[in-house]
Amino acid sequence: MSLKEKIDIGNLPQHVAVIMDGNGRWAKKKGNLRIFGHQNAITAVRETVEASAELGVKYLTLYAFSTENWSRPKYEVDALMQLLVSTIRKETETLNKNNIRLQSIGDLAALPQACRKQLEEAIEITSQNTRMTLVLALSYSGRWELVNVIQKLAAQVKAGELEPEAITEALVSGALTTAGIPDPELLIRTSGEQRISNFLLWQLAYTELYITDLLWPDFRKEHLYEAILAFQARERRFGKTSEQLQKAHS
Ligand code: IPE
Ligand code: IPE
Ligand code: MG
């Protein structure tokens with residue numbers, strides 16, 4: 001039986017999020033510049049998108065560039081932005097053919113104009129697609145997002161449009177950049193780092209974490225299958241006891 005066949009399609013995560021990490025180390029190991037690693041990350045992105053859509057995952061969120069990544073050397077930031085523009089340009093048609101919708105979360109105003117334009121175009125072209133939503137986190141961080149939400153809600157309170165007591169978990173969720181998207185059930189991080197790095201701080205509250213030592217440019221469909229199989233072997237208790245869950249299932 002192949003790894004893919006072992007996956008229980010009835011118990012797929014609806015939303016998978018990925019911290020695509022390790023491009024620089026991958027390139028360095030090969031005696032190359034960090035940028036070489038970013039260039040070679042595209043195959044891994046393509047495979048992950050394809051495999052997720054083929055399985056029936058509904059949302060795939062990829063952490064492509066964090067708020068903190070702006071502090072990298074200018075040449076690396078510029079190369080990443082250029083790579084982003086050229087990749088979106090090349091891949092939009094394939095996304096469209098495969099009925100995949102592109103969406104983006106993050107401070108898009110901070111992106112270079114060309115980048116933003118290419119992204120907005122691709123989002124518009126694919127906006128009617130229904131098979132899977134691919135969410136690119138760009139110039140994104142969880143704290144940036146939460147500060148925005150707090151400012152927005154505080155302004156509504158100040159204007160007399162919102163009572164503080166009316167602020168519920170659902171209201172906060174609905175004010176996030178991921179409004180309408182279910183929280184990820186599975187988070188994959190490559191390169192072995194055991195941290196969240198300011199990713200979806202609110203949304204990851206009960207997400208299953210799967211960390212692999214593999215560096216992102218080496219990530220292939222089989223590795224996604226492995227992650228999903230590991231997810232399916234977990235017991236998600238949400239604070240309850242194992243006995244309570246078993247009783248509910250019997
Ligand atoms: C992930 O790889 C890509 C981005 C953060 C843009 P890195 O560039 O962080 O590679 P490492 O972690 O330094 O190896
Ligand atoms: C996280 O990777 C951000 C992205 C993958 C886009 P980093 O390489 O920036 O994370 P840290 O700095 O090692 O935590
Ligand atoms: Mg890194």
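Every residue gets a Cβ built from N, Cα and C, even glycine.
No curator has checked TrEMBL annotations; they are predicted automatically.
Per TrEMBL, the features are:
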ACT_SITE  Asp21  active site
ACT_SITE  Asn69  active site, proton acceptor
BINDING   Asp21, Glu208  Mg(2+) binding site
BINDING   22-26, Arg34, His38, 66-68, Trp70, Arg72, Arg189, 195-197  substrate binding site
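Features as recorded by TrEMBL, highlighted on the structure.
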| residue | record | Cβ contacts under 8 Å, 6 or more apart |
| --- | --- | --- |
| Asp21 | active site | Arg189, Thr190, Ser191, Glu193, Ser197, Leu215, Trp216 |
| Gly22 | substrate binding site | Gly37, Thr190, Ser191, Gly192, Leu214, Leu215, Trp216, Pro217 |
| Gly24 | substrate binding site | Arg34, Gly37 |
| Trp26 | substrate binding site | Gly37, Asn40, Leu215, Trp216, Pro217, Asp218 |
| His38 | substrate binding site | Asn23, Ala27, Ala79, Leu80, Leu83 |
| Thr67 | substrate binding site | Gly106, Asp107, Ser139, Tyr140, Ser141, Arg143, Trp144, Asn198 |
| Asn69 | active site, proton acceptor | Val77, Leu80 |
| Trp70 | substrate binding site | Val77, Ala110, Ser139 |
| Ile196 | substrate binding site | Ile19, Gly142, Leu204 |
Given the recorded positions Asp21, Trp26, Thr67, return the subset with CB under 6 A from an atom of ligand 3, ordered by sequence, or none if empty. Asp21
On the three-state reduction of DSSP, what should I expect for Glu208 (Mg(2+) binding site)? strand
Site with most surrounding Cβ atoms, counting all protein chains shown within 10 Å, from the binding-site residues Arg189, Glu208: Arg189
May I ask which of the recorded positions Asp21, Gly22, Gly24, Asn69, Trp70, Ile196 have a CB within less than 6 Å of any atom of ligand 2, listed in sequence order? Asp21, Asn69
Of Thr67, Trp70, Arg189, Ile196, Glu208, the binding-site residues with C-beta less than 6 Å from an atom of ligand 1, in sequence order, are none
Under a three-state reading of DSSP, tell me whether Arg189 (substrate binding site) is helix, strand or coil. strand
Going by DSSP, is Ile196 (substrate binding site) part of a helix, a strand, or coil? coil
